[in-house]
Amino acid sequence: PPAPQEAGARLYPLHALSVANIPNSSRSKTSARSSTIPAPEGLQSRRCKLLEEDSPMVQAGKRQRQRYVTKVGKCQVNLGNIQDKKRFLSDIFTTIVDLKYRWFLFVFMMCYVVTWVVFGFIYFFDAWVRGDVGHQGDPEWRACIENVDGFVSALLLSVESQRTIGYGTRMVTANCAEGVILLIAQSIVGSMIDAMMVGCMFVKISRPKKRAQTLIFSKNCVISHRDEKLCLMFRVGDLRESHMVDAKIRAKLIKSRQTAEGEFIPLEQSELNLGYDTGEDRLFLVEPQIICHVINRHSPFWDMSAESLRREQFEIIIILEGIVEATGNRCLAAGMTCQARTSYTEDEILWGYRFEPCMSLEKGAFQVDYSRFEMTFEVQTPAASAKELHELKELEQHEHSTLSLYWDHLLQPC
């Protein structure tokens, strides 16, 4: 029998490698490290399982399920070894907005707490240097900062000054210039922090990222004939009554390949035409719509049959973009672009199926039944590729034209 590596290479040739066939460096490092450390007898069965998982055939089966984009639209790409991280600080506003909510709230609170503590320490240091701390209750003493007898009272003065609370017991007097300058500086810094953090909070809340969760895609793609053409189809829908403005859809094919010069291109992206030249990619997404990709000479599925589809490894990325519809009171997300994504792998494409209708007319209005959104039914579809069907059709036309010419020649008089 052939070696496992040869069998794996025969089943998964280099030109058909997909997303999952990129080597995993962490797995290789772990396996190399574990081979140098002796394992106890109690872990013998565990080690056997690890060895079985590290075999090429099992790895190929597991890698087949690795996605570039998940079904919910999350990109499975992690960025690492970024050397120039100063670029994130130069765009600090976007960096703060992109933080997760727990880190965003932490930064939000720390901006205020740090400034309160820093200015409270400066107030306390100024009062201590001028002797205001030791002359509390002395009516003849001209204090720079009144009623500050410790760090806690100075911290309260800092909070009251920056938040403009003003209880009236602690205050900065006109007996010292540095106190007035310090109060002006804290007012300016507090206004800047308010403007930045409130702006970040407004943008983070008003981002239409959650709007994409109400844009749904069908679980599977189908391939069948439409208007005597072999087409790849999927269904999209909007669960909200507020519609997307200027909705556009596009598709990318992610597939690794090897060039004629021997160069390996991982995760190569190619465009799938969804009606860009005819304007069919612009959707009026009021009811669920079936998006169609015609498999023609320019399609990457031109020479792919039902049998070869099972051996291929690729991923189709669907990107739906649109502007959130502005309501009468101009909601926060008005005019912002929303993007929803999903993906389909080769095992999620059904050959010879169509989607069932999910819209009916009831009581003078069209009713959409989303329980039938995922339903498909089988239709008679040839298992041959679009290229083979096109060649067969041309051959039939040629034979028909030849036969008609032959009969016309026989019917002519001598």
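Using the three backbone atoms N, Cα and C, a Cβ is placed for every residue, glycine included.
Feature annotations, courtesy of TrEMBL:
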| type | residues | note |
| --- | --- | --- |
| REGION | 22-42 | region 'Disordered' |
| COMPBIAS | 25-36 | compositional bias 'Low complexity' |
| DOMAIN | 69-208 | domain 'Potassium channel inwardly rectifying transmembrane' |
| TRANSMEM | 103-125 | transmembrane segment |
| TRANSMEM | 180-203 | transmembrane segment |
| DOMAIN | 215-393 | domain 'Inward rectifier potassium channel C-terminal' |
If we skip the immediate neighbours and take only residues 6+ beyond the ends of the transmembrane segment (180-203), which ones have a Cβ under 8 Å from one of its Cβ atoms?
93, 96-97, 104, 108, 111-112, 115, 119, 122-123, 126, 158, 161-163, 172, 174, 332
Report the mean pLDDT of the predicted model across the domain 'Inward rectifier potassium channel C-terminal' (215-393), rounded to a whole number.
88
Secondary structure content of the domain 'Potassium channel inwardly rectifying transmembrane' (69-208), with strand meaning DSSP E or B
83 helix, 6 strand, 51 coil
